[in-house]
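Asks: Below is the structure I would like to discuss, written out as structure tokens.
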Amino acid sequence: MRRSGIFAEKRVVFICFVIALGQFQNGYDSAAIAGFQSMDGFLAVFGYHDAALGEYNISTDVQRLIQSLISVGGFVSAVAIYALGSRLSRRVGLWIGCLLAVVSVSLMIGVTSLGGLYAGRLLLGASNGFLVPYSVMYMTESAPSLLRGSIVGMSTFQTSLGALFGILVDNYTAKRPGHSSWQIPLAVMYCVPVLLGTFIAFLPDTPRYYVTRGEDEKAVQAIRRLRGITDEGLLRAEVADIRSAFLLETELHAGVHLRDMFSSRPDRRRTLLCYACNVGQTATGVNFMAGFSVYLFVQARVGDPFMWVLVSLAIALTGNMLAFPAMRFIGRRELLVGCSLVSAVMMLGMAVVYTVAGKSSAAAGKALVALSIVYTWVYGVGQGPVLWALSTEIPSQRLRSQTVGTASGVGYIVGWLSAFFTPYFINPDKLNWGPKYGYIWGASNLVLAIWAFLFVPETKGRSLEQLDELFEKGVGARKFASFAVERQLVDGDSRTLQQSRGGGGGGGGLEERDGSSKMATTVDQLEDPEKGAAGTPASSSSTSHK
């Protein structure tokens, strides 16, 4: 009987939900800082009084820096992650992110100068640069195959939940006099690093991390603690599967250098796909909506901007919750292509409405709210969770830290460009596009849908080790779902090693095919390291568990 049901795996689901708090901070900050730009208390310190309008405003330069410095800090962390590579465990990476978060929040609360605010934003970006990739890597490497997409999809749920809390706190402090209007929302951010840092102190690292360190017994203990599996045979079967795939990959591609991510065709393909997934997060337009939604609603004069953003985020959470079953039962490709097309229509709809009706139209304001709500819901169902899952599923085990780290860096560069130039497009004293900025994001969503259809492979239901085999064999993106792999799905789910989709041979042994019999999983490899290292084809007795 399989253990892959949500209830059966409730322990690892809960653990990964808490680990995803790293994403909660990112969402909370994005929404909170967006709200600050409409708070008189914040604008009185970091903005200016506009005599013509008779109210406080914020300059384009300040606006772009407090948004874009987050990406600069994230890029610095991405460089550090690459430099440290596999020497830095997932837990330690999360701890570093928590420490940087505490320092950055303390700095932003205590300063009243732009220089101090910029420094705090830079450090907070560095914190996110550790928390975001390491939390997703931890979830990816700990979750069972059939639930991996759903579990990693919780990243988007936590991001939206954080954004909802950020706007909620802003809404209740916005009218407070003085500095407390923005200092209180910042102080709430202490909760994430304190809770997460304490929680991970009681957790092991991921089983795949231990295998890369040659610590197989710790990997067995990690699976036992993370998933509650007590059957020793199942535990050792999964570790043997992880280790045999890692040994084969190491044998085929020795060494870990920057050039290794591009030297062979399989690694180059995986690296470019991972990079594209990170760029795709910005291409969805979510950074624009998250960072400037309150300001955009103010400019569009749609009533209470905080209330409308709250409504939008609350509805978006239902999409995030739907993503959990959607990621399990619907393919990654279908979700990404379909949701990207819908997002393109929503973004283009915002732009067209304001082009035709103008900013003074009440009907246009209502349309903006409605279209933005649909957009955030669709992003939460498909684009966000799928792109997060793919960005950590696709890299190889040997190069995962380096690939995810550098891909995060590429994503932060693109995110910085978006945050840096967005104020020029939407601010009244610059191009004054306002919601017509949606033309750009509508086009980028359309490009994202085309790219996903042509190049994104289907990873649903595949173990990370099976994905290694598929990439090594050069299987086309649209053939991933139906291709018959030789490596069987172990995942600690059952003593019966299930044959993957498409069969793959009905005999007792695994047929050798282009040397890929090295991928065969055998339980006895854990007790016989020399056999696993040599890549000796498994005998029929070692696959008789089928």
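The backbone N, Cα and C atoms fix where each Cβ goes, glycine too.
Unlike curated entries, TrEMBL annotations are predicted automatically.
These numbers come from a predicted model, not from an experiment.
Checked TrEMBL, it gives:
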COMPBIAS  532-546  compositional bias 'Low complexity'
DOMAIN    15-460  domain 'Major facilitator superfamily (MFS) profile'
REGION    492-546  region 'Disordered'
SIGNAL    1-24  signal peptide
TRANSMEM  65-85  transmembrane segment
TRANSMEM  92-112  transmembrane segment
TRANSMEM  118-139  transmembrane segment
TRANSMEM  151-169  transmembrane segment
TRANSMEM  181-203  transmembrane segment
TRANSMEM  272-300  transmembrane segment
TRANSMEM  306-323  transmembrane segment
TRANSMEM  335-357  transmembrane segment
TRANSMEM  369-391  transmembrane segment
TRANSMEM  403-426  transmembrane segment
TRANSMEM  438-456  transmembrane segment
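In terms of burial and nearby residues, how do these features look in this structure?
Replies: For the transmembrane segment (65-85), the residues of the chain that approach it from at least six positions outside its boundaries are 29, 33, 46, 93, 97, 117-118, 121-130, 132-133, 256, 258, 291-292, 401-402, 404-413, 415-416, 419-420, 422-423, judged by C-beta separation under 8 angstroms.
Listed by sequence, the residues of this chain that lie at least six past the ends of the transmembrane segment (92-112) yet keep a Cβ under 8 A from its Cβ atoms are 19, 22, 25, 45, 77, 81, 119-124, 126-131, 133-135, 137-138, 179, 183, 186-187, 189-190, 192-194, 196-197, 200.
Counting only same-chain residues 6+ beyond the ends of the transmembrane segment (118-139), those with a CB under 8 A from a CB of the stretch are 16, 19-23, 25-26, 29, 65-66, 69-78, 80-81, 90-91, 93-94, 96-98, 100-101, 103-105, 107-108, 111, 148, 151-152, 154-155, 193, 196, 206, 388, 391-392, 400-401, 404-405, 408, 412.
Beyond the transmembrane segment (151-169), the same-chain residues lying 6 or more positions past its ends with a Cβ under 8 Å from any Cβ of the stretch are 12-13, 16-17, 20-32, 34-35, 135-136, 139-140, 143, 184-185, 188, 290, 294, 306, 309-310, 313-314, 316-317, 320-321, 323-324, 326-327, 376, 379-380, 384-386, 388-389, 392-393.
Here the transmembrane segment (335-357) has Cβ contacts under 8 Å with residues 284-285, 300, 326-327, 363-364, 367-368, 371-372, 374-375, 378-379, 381-383, 386-387, 390, 434-439, 441-443, 445-446, 448-449, 452-453, 456 of the same chain, all six or more residues outside its ends.
Below 8 angstroms of C-beta separation, residues 136, 140, 148-149, 152-157, 159-160, 273-274, 277-278, 280-281, 284-286, 289, 293, 297, 302, 308, 311-313, 315-320, 322-323, 326-327, 332, 335-336, 338-340, 342-343, 346-347, 349-350, 353, 404, 407, 448, 456, 459 of the same chain, each at least six residues beyond the ends of the transmembrane segment (369-391), sit close to that stretch.
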Asks: Among 272-300, 306-323, 438-456, which stretch has the most Cβ pairs under 8 Å to the transmembrane segment (403-426)?
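Replies: Answer is 272-300, with the largest number of Cβ pairs below 8 Å.
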